[in-house]
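A.B. asks: Here's a structure for you.
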């Protein structure tokens, strides 16, 4: 009758159900914890609203950092929210997975999300700041190089400008020079005709003129021939004069014989031969210098070249400079450097986009882990089935009232297996994930400290460079050339056109500094530090809260699958009953093996410590450290087994390592035919 009455009252099997029954209205309580056949429409609508709200939250978590247009966001968001609404309406597995995301975010999966946030903060903070400071210093170096190149160009221009100006003036006056050269050539043509001309003598019988070996010999021969020709012309003209006078005399005096007598003097032609005396003078005393021919040849060649080949042109040759350290010398080094950093910044933006995509991907991993937990919870009855729940205690209390074997309170050896969900202490089985989480946080914190230290050191170095590398440049140049060429001859005019172009004057005084080229390093702001250390502190907090959020996952899953939870608790309780029955045999076997092997080795190792009064004691059953005033040592002769007080009580105050095997079996020979199995 008592069992029937308990079944009719239907006591809540979980603490959550108890609390909801007390604080919620009866209608709401029936909707949440009543049979699924009741209120089907309300359940569907509630599930649809829950799925839609969850879909909106998931959409903003997943798609916020993915680049899409507004139309695409609306379409994708509508489809995604619609699918989530359908999942919330028809699938308890989906609704449970959505709720399990909250404890997962507070637990290990939340650490992953925060780790991505920390990495994003590191990339936007110290890494980007290091890149920006290095880029600023490189730009400063480029600016200084440009400044040096500008000064070098200025000095080189002042050095070469006079010569370029002279050449340019010569080029501009090329027409004038050509005209002057042609005038010189025309004026020299008279001298050339006089020296090289075939006139002033009788060429008949003067073959020696054409057979001369040089201009000097040819001119000497021509001069002699001209001298002989002048003498011969003088003799011929003298004779012609006598002939003319004879005719005039004869015409004037008409009387015969008298005219012959009176005109006889006009027949003295022999007097003209007196002029032939000059022939020897032409041969011996000709007025020709010994180097006249050589000088004439050189002058003639120069005049010909001046007239025929005088051209001016400016040819600028550009030499390609060799690269320095693999980087070519550019006209504007800073612009090229900026272009290179612009390419690197594009790569950095792509990396930032990948990090944002990973940030969205972490929400998928959170949902996946929650879904996997629910799936294993429903498939594997051993999965996460280690909690002493309210239903576990109800079963144990019912068996205690019925006088059957019960489990609570647990033995010390069983406390290492089962977990009390209301206990604030961390169970040994829960400690390893906490340690792993703290190690992850510590390694990430170490990496953060290294990056922040490097950023701080670089900032101080660059700031030191900025404060102590200010330089003032002074470029001064004075250039003055004056060349005076007098005279009005052709050569003087030509020299004034050429050499006179060097008459230039210039003064240069340039004052500059590298103030605009000094690096301006940036320090991290307070928000950067907060964006890094707050997630780290939250990760540390999540390492501690992970234990309790993992326990909360079972509570949420129990709410959606109460029948499955009841079967799991029944299986766990019956399994522990079976282990309790075989507890004595297992402990006796363990203690006997331990006595034969481990005790001898341990006593030999710790023997020196006993001599100095330092004795280390621990329970051989639970392997826990035992204080000297709480240790229970077996009183049997030759047995050195030590127990803690609780393990000694669990063994009914007897040493199972000394008690014979048959006696141990008699002490726990009670049958357990009424063990309650969940699957029977």
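Heads up, the Cβ atoms here are built off N, Cα and C, so glycines get one too.
Automatic prediction, not curation, is the source of TrEMBL annotations.
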A.B. asks: With TrEMBL as the source, identify the stretch among 529-548, 549-568, 569-588 annotated transmembrane segment.
C.D. replies: 529-548
A.B. asks: Below 8 angstroms Cβ to Cβ, which residues of this chain, lying six or more residues outside the transmembrane segment (74-94), approach it?
C.D. replies: 44-45, 47-52, 54-56, 58-59, 63, 68, 371, 374-375, 378, 560-561
A.B. asks: Averaged over the whole of the domain 'E3 ubiquitin-protein ligase DCST1-like C-terminal' (617-660), what is the pLDDT?
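C.D. replies: Here the predicted model's pLDDT, averaged over the domain 'E3 ubiquitin-protein ligase DCST1-like C-terminal' (617-660), is 70.
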